[in-house]
Amino acid sequence: MLTSPEPKGLVPFTAESLELIKNHIAKKCNEEHEEEDLKPSWGLEAGKKLPFAYGTLPQGTVSEPLEDVDPYYYVKRNTFMVLNRNRVIFRFNAVSILCTLSPLSSLRRAVIKVLVHPLFRLLILISVLTDSILMCMSNLPEWILAVENTLLGIYTFEILVKVIARGIWAGSFSFLGDLWNWLDFSVTLFELITRSSPLSSLPMFKTIRTLRILKIIPLNHGLQSIVVTLVQCLKKLLGAIALALFFLTVSSLFGMGLFMGNLKHKCVRWPQEDGNDVMYNGTGSQYHILERENFYYMEGARYALLCGNKTDAGLCPEGYMCVKEGSNPDNGFTSFDNFGWALLAMFRLMTQDYPELLYHQILYASGKIYMIFFVLISFWFAFYMASLFLGILTMAYEQEKQRASEESRDMDSKCHQTVKEFEEEHEGAEMETTQIEMKKRSPTSINTTLDILEDTALGHKEEPETSRKECPLCWYKFTKTCFIWKCSPCWIKLNEFADRIITHPLFDLFLVICIILNICFLALEHFPMSEELMSLLAIGNLVFIGIYTIEMILKIIAMHPYGYFQISWHIFDSILVVLGLTEMLLADIEEITVFILVPLIFIKLGKYAPPFKNLMRILGRALVALKDLVLLVSIFIYFSAVFGMKLFGRSYKDCVCHVDQDCQRQRWHMSDFLHAYVTVFRILCGEWIETLWECMEVAGEAWCIPFYMMVILIGNLLILYLFVALVSSFASYDATTEVSKEAKNLQLAVAWIKMVINCVLLKILCKEKTVSTEATDQTCDPSVKENISGHTLSELSNTQTFLRYKDQSSGTEKTPVTESESQSLIASPSVSETVPIASGESDIENLDNKETRSKSANGSSKEKMKQSSSSECSTVDIAISEEEEMVYEHEKSKLHKNGYERKSSAGQVSRESRNGKIWRNIRKTCCKIVENSWFECFIGLVTLLCTGTLALEDIYIDQRKTIKIFLEYGDMIFAYIFILEMLLKWVAYGFKAYFSNNWYKLDFMVVIVLCLSLIGKTREDLNPLASIKFLRALRVLSQFERMKVVLRALIKTTLPAVSVFLVCLMIWLLFSVMGVFLFAGKFYECIDPTRGERFSVFEVMNKSQCENLVFNESMPWENAKLNFDNVGNGFLSLFQVATFNGWISIMNSAIDSVGVYMQPSFEHSLHMYTYFIIFVVFGLFLPLCMLIGVIIRNFNKQKIKQGGSNIFITVKQKKQYRALKKLLYADSQKPAARPRNKFQGFICDVVTHRVFNVIIILLICFQATTIMIQNDEQSPQIETAVFWMNSLFTMLFTLECILKLTAFRCHYFTSAWNVHDFMVVVFSITGLLLPLSIGQYFVPPSLVQLLLLSRIIHVLRPGKGPKVFHDLMLPLMLSLPALLNIALLIFLVMFIYAIFGMYNFAYVKKEAGINDVSNFETFGSSMLCLFQVTTFSGWDGMLDAIFNSQWSDCDPDKINPGTQVRGDCGSPSVGIFYFVSYILISWLIIVNMYVVLIMEFLSIPSKRKNRTLSEDDFRRFFKVWNRFDPDRTQYIDSTKLSDFAAALDPPLFMAKPNKGQLVAMDLPMAAGDRIHCLDILLAFTKRVMGKDERVEKILSEIESGFMLANPFKITYEPITTTLKRKQEAVSATIIQRAYKSYRLRQSDKKIQDIPEIDDGREDPNSKGVHSGQIEEKASIQTQI
């Protein structure tokens, strides 16, 4: 049995089995076994169910010890298994427990039966769930203590059962061999110790108990598997985590050097006395500065205004001075004063949580120039790290999915093999008794046997019919009697009539129209609403419910109740009708309409929308497959909420005054479970810094920061993995899948209506013509074809008119298509169908002129194209690669040059006339001009100048008269130049060619814009025309190839996702309608005009009381700017919730809402948190996965069409990309030649040694450490020490520079790294010497530190730093060309929107998000605003300021100094369009940036796997070979082969143990067990590159090259191979073992034949013989 590779059947575990295991252990200790390839079976893991291929469980095998069916555990791990009645596998160690209980012990068997019983696990699960529920409750009654003691007893009993059944530590399946048991034992032991101790009331000890919630994970095998998978992903993320920590550390150190102490600068009211006060530090009187009231505060601000002493920093108002005093903002938690706070600030920037506040604080205190620092951190660091983590998780998920599919496939093959062997075993016996059995068997017995075989083969696959057959016969009679109605002929006729109605296409069309109208009626709900509209909507609701009821009745009549309820959509419709009727009866219950009925109406529309059904089907399958992961995420959120509540709940109650001056509890706390759950949910949504500040105020940094980091890191890992899994599922979305019957009927109905309209129009047109009937038919037929070309074949295949016109046009006999044939044509995706493309529609996928290309081809190619590719005949497009389109861009001049003559009919007629020759020469001249490269460069330069001048037209333009005049003349010059260019191209190419090119159309539009802007300047009433000049920046798109490529790729990847976007829009419409039903008119509140705060509900209850207040003068009953009063406002509010900007204020208004015209009350409707949580999950997360998945699918499709190349780079960049890839994949650079001078050679050896590089890296790290230990309030002694440390490091780096200059000479400056080091040394020396002469004010001490710190990038240097860093940076470097192209496009978008913002929002009142730093007054400030919006942060505050359009909020007549513009009001509609459109466009571009980098990361393993070996690889191979073959014999001994393979460098490297792999290579061996160099090289090369024709060609080239390099190769004849030699060795071992066993048995026989001596004397001879035989036996045993 031990030699069997696959134990078959279920064998009881007996004493013989235990003896075999012991013998096997003894043999393993004395022998060397080759079991390296033995691996555990995926389908036989502990916790999984036994495959059904093993048959049904025989009696006596349930809950009894069995021999393990997995050879890996049976042979290697010495285990036995137990199956419970649910076939779940349990494994135990086949060793004695506590030295007394063997596997055959009755006590242990009884305990094992208890452990494996399903009820025992159910008991533990119920206990854990009960305990988890009790943990989240507050103010528990006293009797709960008895329940907790009972649960503790159950946990203790469970531990005892596991210890007795499994043992404590012996074996891999012992109690302590499972880490989950460690957790369970620790928590239980701790709880037993502290149960009666007074320490149990402390929060820390209560927190430990919450770990019990995690016990749910080991109770579910799926959850346990997900945790193991996530741990494996975490191991793969270690390199990325190390790189992220490196970037965080470096950026924090730079932040310390740039901003240390700057955030303490505040505006202080300067005393007006004569200066008699005692001065403190030369900046002001000490007592005056320390007074908080003397700081300057903005209106409504909590912290003092920050300022700076630099030119572009924030300025103080008149009467105030900027002084460094006080604490840092945000209660001192936001600063760069030491490394810890700087690290927290950088982590906040990396996660993009409330970054706009940190931007403003730094820019106010240090200057706007430092925005560059934040751009680099946010755009590159945060973007790259997010892409890196997503890429690694995606790769891990794909590998796990591939592994699971392979193991499942292997398991299925094993199951089928087992079934086949089972059938073969029984086939012989059945053949012998065939005649007898056939006579005895009855049909029932035959069916039973077949059912058994089918069950054995299929296992868990049960057919529905089988389950229905198991029902009693009475149920079938009852169903046939009550649910299948065939009463009378009249009823049958009624049945047929109803069937004709519901199957008619117009019926489905009518239903779709009714559903759309119903949704429109729901969307018309708003506040306030007139009585007439309310009654109309109520009547409409009743009508639609009646229509749905009639539909259900007709379908029940037509299909019978039995057939009706067999379809899931019909069950859904019946639920909708029942709920609608219930709503009519219970009109007071509003929740039925909002939460149930409204979503069902929207889902009902999805039945007729194939994209919606396909997406929902994919979503359903994905969620079923990922149910364990979703459950794990839910458990983690629950655990984190309970953990936080237990840890910080008391602190939030006791220290509430630390957060609020009035000692009122804040909204976001963890005092109870609901608030803790919502707080954790907010943290996982990316907003954690504000709640962290409050937590640190009440509980301290030591507890809050670790807890928040745990929630952020683990929670984001789970969510990102779930996100990757869902995106991978939606990446398989195909819009061309089979459509439903309802959708087909809808298409047929629409086609029928179109055809009727066309026929009516056709008759009207034909009557007006006075021609014969035949001529009329001939003229009408083409139009009919054109009209029919817009429909699908399925829409018209049943119509006789279509067949008649088709017969007339083709002249052949046609056969009408039946309904079944038509539907089969539709359902088959492989059959050619007509694509519904409108007549004359332009090809949107290609912005170039494809029509010109087709016309320039010869006539034969045209005919082929007509016959082979027509959009009306096939859905398969002829793919034109991106490179061909780009080549066309370069060759378009030839096409225009060769084709312009053919496009002019007049020119063709009078070509030889004098005017014709002049016209032709003029066109040739114009063509040469516009195709000249200098002309193109000139136009490109003018385009850049024309675009760049837009940035100068800010609010200060009226004060700069010269620049204003210059711009006015410049606009005219640009207009003339572009008009001249347009005229030249008209003459050169002709109107048709010009307007057939979309880029030329864009140029023409820009010319129109320029002309309109010039006209708008001439008259004041046309001033709005002058503001559209920002559109002329769009001309940049047509002038630069990189932007063309990116825009073309974006269109190709985005347009196919329009249907998915519409589905997402419908989901948002659903939530908006629900929001209107829930919150319309409830966000109004009564505001105290004096304080600007809301009145308490005890002072004002409703609107009438608010208006009756005596001091009410300005109508304080105000509505929130963001509300749900109508669907449009609901969309905007949901958009802010989706971007997590301003969503807190929206949620606060919803949570405080009481009713219409009622004053809001603090947290009156806490259950409304549910609405926003559901929206974030189902309205944001899942639609986001859908969109990104479809975009990735389109990206991959376009990439495949282009042969696997990147679609965001040009043809020229693709060549550069290949060169860059070769350069980056090269493992080492060619070193400089070693100097011949001995001294220089010695120095060269020193500086090129790896130890020297390690020393330099350590010095850089030590220098970084000196910055970490600094802080803002350090003593002068520390500053002096830091100065001398900087001097020391400068000297050491200078010495390094001198040594390398001596060693490398002029070659030193050929490396960019060396040039950087040299510049750092020069500037560091200058930075140390300049303060001695000009003072430290101009050269800050941190400058030298930052210069020296810049050398830390050597850690990322290939070959110098960690290899894992180089591997992780490689995708970024390879995708850099594409990323730069996309960045150019997003910069152009930012530029256009910045100009638009300057024209529309430059004078908006400064409040909320618009201030002295973030505004639209200048181009730079506008770009800063748009940078914030690009990162989806801060745009809600800007929009809030733009919403000020009423007299109460702004002054429309305000005089703005220096300009003629009046007022500071905004335009809400323009602001909404501005921000929403920009966010969508920038999001789309940024998503493609993520996709580019992630796809590049995923492609690197395949590129490395498929790449050929380079010359460096072979050079290193022979370098290692020379160490093992110093005599150049071209041979090595076979015993050295393993060491040689382990000494090679990757990719030829083979780690030990590698003997099995080397033997499998079957290498030829010569006499003396030697192996030739060429054989080893060819075998290793084949292992790396695989086996195909390309590899065989490369191997032949390697062999021929080796023969040329070694012409005197020693000839030899291989006598054997490594595989044969191993087989011989194994055979010899077996023979030797058998001989030794024979010798041992003979020796035992001789010993037994020696007679015993009865007397007490001993014969010395016999004693010697006996002892010699014993020694001989012992020696034989030793040899064995």
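Cβ coordinates are placed from backbone N, Cα and C, and glycine is handled just like the others.
So that you can see what the record holds, here are the features copied from Swiss-Prot:
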COMPBIAS  807-833  compositional bias 'Polar residues'
CARBOHYD  N281  N-linked glycosylation site
CARBOHYD  N309  N-linked glycosylation site
CARBOHYD  N1102  N-linked glycosylation site
CARBOHYD  N1112  N-linked glycosylation site
INTRAMEM  339-366  intramembrane segment
INTRAMEM  673-699  intramembrane segment
INTRAMEM  1127-1153  intramembrane segment
INTRAMEM  1420-1443  intramembrane segment
MOD_RES   S842  phosphoserine
REPEAT    100-401  repeat 'I'
REPEAT    487-756  repeat 'II'
REPEAT    915-1223  repeat 'III'
TOPO_DOM  138-141  topological domain 'Extracellular'
TOPO_DOM  197-200  topological domain 'Extracellular'
TOPO_DOM  260-338  topological domain 'Extracellular'
TOPO_DOM  522-530  topological domain 'Extracellular'
TOPO_DOM  587-592  topological domain 'Extracellular'
TOPO_DOM  655-672  topological domain 'Extracellular'
TOPO_DOM  953-960  topological domain 'Extracellular'
TOPO_DOM  1080-1126  topological domain 'Extracellular'
TOPO_DOM  1154-1166  topological domain 'Extracellular'
TOPO_DOM  1272-1275  topological domain 'Extracellular'
TOPO_DOM  1402-1419  topological domain 'Extracellular'
TOPO_DOM  1444-1467  topological domain 'Extracellular'
TRANSMEM  142-167  transmembrane segment
TRANSMEM  179-196  transmembrane segment
TRANSMEM  238-259  transmembrane segment
TRANSMEM  368-407  transmembrane segment
TRANSMEM  506-521  transmembrane segment
TRANSMEM  569-586  transmembrane segment
TRANSMEM  593-608  transmembrane segment
TRANSMEM  701-731  transmembrane segment
TRANSMEM  1276-1304  transmembrane segment
TRANSMEM  1341-1361  transmembrane segment
TRANSMEM  1377-1401  transmembrane segment
TRANSMEM  1468-1503  transmembrane segment
Sort out the sequence-distant neighbours of N309 (N-linked glycosylation site) for me: same chain, 6+ apart, CB within less than 8 Å of its CB, listed by position. H265, C322
Residues of the same chain, at least six outside the transmembrane segment (368-407), with any C-beta under 8 angstroms of its C-beta? 42-43, 229, 232-233, 236-237, 240, 243-244, 247, 251, 254-255, 258-259, 312-313, 346, 349-352, 355, 358-359, 362, 720-721, 723-725, 728, 1368, 1371-1372, 1413, 1420, 1424, 1427, 1431, 1486, 1489-1490, 1493-1494, 1497-1498, 1501
Do any residues, 6 or more residues outside the intramembrane segment (339-366), come within under 8 Å Cβ-to-Cβ of it, and if so which ones? 244, 248-249, 251-253, 255-256, 258-259, 262-263, 265, 305-308, 310, 313-314, 328-329, 333, 374, 377-378, 381-382, 385, 686-690, 705, 712, 1267-1270, 1409, 1411-1414, 1424, 1428, 1431-1434, 1437
Long-range Cβ contacts under 8 Å made by the topological domain 'Extracellular' (1272-1275), restricted to residues 6 or more beyond its ends, are 260-261, 264, 335, 337-338
Can you check which residues sit near N1102 (N-linked glycosylation site), meaning Cβ under 8 Å from its Cβ, same chain, 6 or more apart in sequence, and list them in order? Y1157, M1158, Q1159
Across the topological domain 'Extracellular' (522-530), what are the DSSP residue counts per state (helix, strand, coil)? 2 helix, 0 strand, 7 coil
What does DSSP assign N309 (N-linked glycosylation site), in three states? coil
Per DSSP, what is the helix/strand/coil residue tally across the topological domain 'Extracellular' (1154-1166)? 1 helix, 1 strand, 11 coil
DSSP assigns the residues of the topological domain 'Extracellular' (1402-1419) as 1 helix, 0 strand, 17 coil
How does the model score the topological domain 'Extracellular' (1272-1275) in terms of mean pLDDT? 86
Close approaches to the transmembrane segment (593-608) from elsewhere in its chain (Cβ under 8 angstroms; 6 or more beyond its ends): 508, 511-512, 515-516, 518-519, 522, 569, 572-573, 575-576, 579-580, 583, 616, 740, 742-743, 746, 1066-1067, 1069-1070, 1073-1074, 1077-1078
Long-range Cβ contacts under 8 Å made by the transmembrane segment (1377-1401), restricted to residues 6 or more beyond its ends, are 947, 950-951, 953-955, 1027, 1030-1031, 1033-1034, 1036-1037, 1040, 1042-1043, 1045-1047, 1050, 1206, 1208-1210, 1213, 1216-1217, 1220, 1410, 1416-1419, 1422-1423, 1425-1427, 1430, 1442, 1466-1467, 1470-1471, 1474, 1478, 1481-1482, 1485-1486, 1488-1489, 1492-1493
According to DSSP, how is the topological domain 'Extracellular' (655-672) divided among helix, strand and coil residues? 3 helix, 0 strand, 15 coil
